[in-house]
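> Taken from TrEMBL, the feature active site, nucleophile covers B:Thr195. Among the features that TrEMBL reports, substrate binding site is placed at B:Thr158, B:Lys184, B:Thr195, B:Glu285, B:Asn408, B:Ser413.
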Protein chains: 2
Amino acid sequence: MSASISPLAPKKYPKMPAVEGVRIATAEAGIKYKGRTDLLAMVFDEGTTVAGVFTRSKCPSAPVDYCRENLGGGKARMLVVNSGNANAFTGKKGRETTRITGEAAAKAANCKPGDVFLASTGVIGEPLDASKFGPLLAGMVKEAKPDLWVEAARAIMTTDTYPKVVTATVRLGDVDVTLNGIAKGAGMIAPDMATMLSFVATDAPIAAPVLQELLSKGTAKTFNAVTVDSDTSTSDTLLLFATGAAARRGAAPVVDARDARLGRFRRALGKMLKTLALQVVRDGEGARKQIEVTVTGAKSARSAKRIALSIANSPLVKTAVAGEDANWGRVVMAVGKAGEPADRDRLSVWFGDNRLAHEGERDPAYSEEATSAYMKRDEIRIRADIGIGRGKATVWTCDLTKEYVAINGDYRS
Amino acid sequence: MSASISPLAPKKYPKMPAVEGVRIATAEAGIKYKGRTDLLAMVFDEGTTVAGVFTRSKCPSAPVDYCRENLGGGKARMLVVNSGNANAFTGKKGRETTRITGEAAAKAANCKPGDVFLASTGVIGEPLDASKFGPLLAGMVKEAKPDLWVEAARAIMTTDTYPKVVTATVRLGDVDVTLNGIAKGAGMIAPDMATMLSFVATDAPIAAPVLQELLSKGTAKTFNAVTVDSDTSTSDTLLLFATGAAARRGAAPVVDARDARLGRFRRALGKMLKTLALQVVRDGEGARKQIEVTVTGAKSARSAKRIALSIANSPLVKTAVAGEDANWGRVVMAVGKAGEPADRDRLSVWFGDNRLAHEGERDPAYSEEATSAYMKRDEIRIRADIGIGRGKATVWTCDLTKEYVAINGDYRS
């Protein structure tokens, strides 16, 4: 863990309410870290539905495989997360660990192993010893309490410098429902300290297929639009649980994604996922500045997103922002290398509201002074207008600092 | 320019012989740098053929456009290269500059503008003032001498810490022919100090279409297999000139790429391009170690190259090498994120001859001590065997150090 907290950490934390139907426990299992919690159990009431999205890596971790398999059932009773070891690239031993943990959790929560979800984050390639935490689960289920969300966020941290939480309460028809979420980064991915994990729970009564559609659509412009270093972890996991407890307060079950009552819920979920994703970016390893990259005027939205990611992933753009240098030439380079349709002579580039380049040339009206002042901010907006269509996309990243190299260039041992 | 020479610079330089039919001049045009040469003119005898490969950027520089246009003629009489300004993203002004320079060069060399080739490297987006060097060209043509290859390599440097030259003499049938080459880096691309330029000349008599085929094939496993930071410049240019002067010593013209006499020439050209490409990598910004990434057992050669580039471009792999950490977990991550067919449980990873991972698990026989000793070397070999096919590829890169961030995070001004 890093000694100092990111300068981009939230100035204040929301008070996290309980989510009906969710109970939480954390423990010090001593998997790798000493003197801190590294184990999280979330226990869900019967009837809880679940949705998930996972890393696109072709070499996913054992827990990702386990979750994918159980997601088909659409039901969840327990989530177990450990930090300190990712149980990734651990072969048959890794699968055996998820099997043993799943069974221990099922026994503790009095459910089927198919209703258990697992996530692990930490070192890759080291066998994860299930005996360190399996025996703790029964006690954790007994002691689990509704109001431990910040503790939950702390237990899953690795190189994160602060816990990431978010909450929202919205109307679902005539009934208030609550959404709580937690996440951990901290590289968008540092796979030996893997990885991006996020868990959201609500008391809304939503059928699993609807929940899955909400989550899949919600990630496109949030978690799938952030990047720290273009590296994709073996373990990225985002799970959304709906306990349905609000049904007891009169909320009728949502069984259709076109249900008109979902409007506010969908927006709140989207906002929440974006907040969590940005918190991950803002705690990117060594991050000192948040960068928002917007591409407009591309041939299509898909093309715009590819160009935006090309800019956001460019080490030269990211180091320029770290150096507070409005180096629009590097933005042009990144547009050019994206391989998407572009016309140099129609390209314009802005840093904030300062247009630096216009129609293939340096903007003669551009003010070096105003731009330099702008580059000193914590949050930098870069916009590139391709000038050939109506495709638009926004992605977020952080700057690339010497600190990133220091954090990732240190010896494991 | 960097103050200190890369620790990976060559320990000694070859003595560069003349290439018959090529004369060279350099000058201090004061385009940006003071107290050093920044202008290179190469004058070629009548009958010189030319081949070229260029950046795939969709936003190429004006000189790249100019060269592409003239390449169709297949003939060259003069090459003009300036450092300090890339003439990229300079719009109509940029095109006007290439037109003026091309005409001044043609007049100086007494040839057509279509026989002139141009390259520029340096700052992007600043207008390049042709009046600073156009008037110098006539005098340079008069003074040009055959034996100034190292001076030529020096004149085109930007953030390079050393000039890059290579030479070879091979038999073409019964006649010795010479190949000389120069290149400049230094990021594989730092586009505000753009870019990768390389020029090779030979006295062999080779028809333009054959020369183009030799060059295009020769780049695939050399210049197109190196990467410093995954960024693609607006200006990458590689030109190959053949003066045909060796015909006067009895070499019969080569007009067919299947000519049996080309075997040695092709191998020498390939070796030379590889040497130049590796010199560029070894002078990558902040580079302290050269990394060779070999992927075997992939589904196809194309797939192997994509996986190899995914590993070579991963900031996490590159920072691990900088930290002398044999972090094979990050190699697994990079294999996974490449999106190419892979099977976690068949994957093996080596650093040098040390196998760290085998069939989806940490290799139990792996020696931490031997591997740690290996990681201290200047040249690190990483191999990943995918275990599902026969596809194979090798690419080269350098490590990612704090120095890279410092060089690229500095203010332009």
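Numbers run from 1 along the shown chain.
Cβ coordinates are placed from backbone N, Cα and C, and glycine is handled just like the others.
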> Within 10 angstroms of the C-beta of B:Lys184 (substrate binding site), what count of other C-beta atoms is obtained when all protein chains are considered?
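Total other Cβ atoms inside 10 Å, all chains included: 29.
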> For B:Thr158, B:Asn408, listed as binding-site residues, tell me which one has the smallest number of other Cβ atoms within 10 Å.
B:Thr158
> By the criterion CB under 8 A from chain A, which of the binding-site residues B:Thr158, B:Lys184, B:Glu285 would you report?
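Correct list: none.
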> Inside 10 Å of the Cβ of B:Glu285 (substrate binding site), count up the other Cβ atoms and send me the figure.
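A count of 30.
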> If you run the three-state DSSP split on B:Lys184 (substrate binding site), which class comes out?
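DSSP call for B:Lys184 (substrate binding site): strand.
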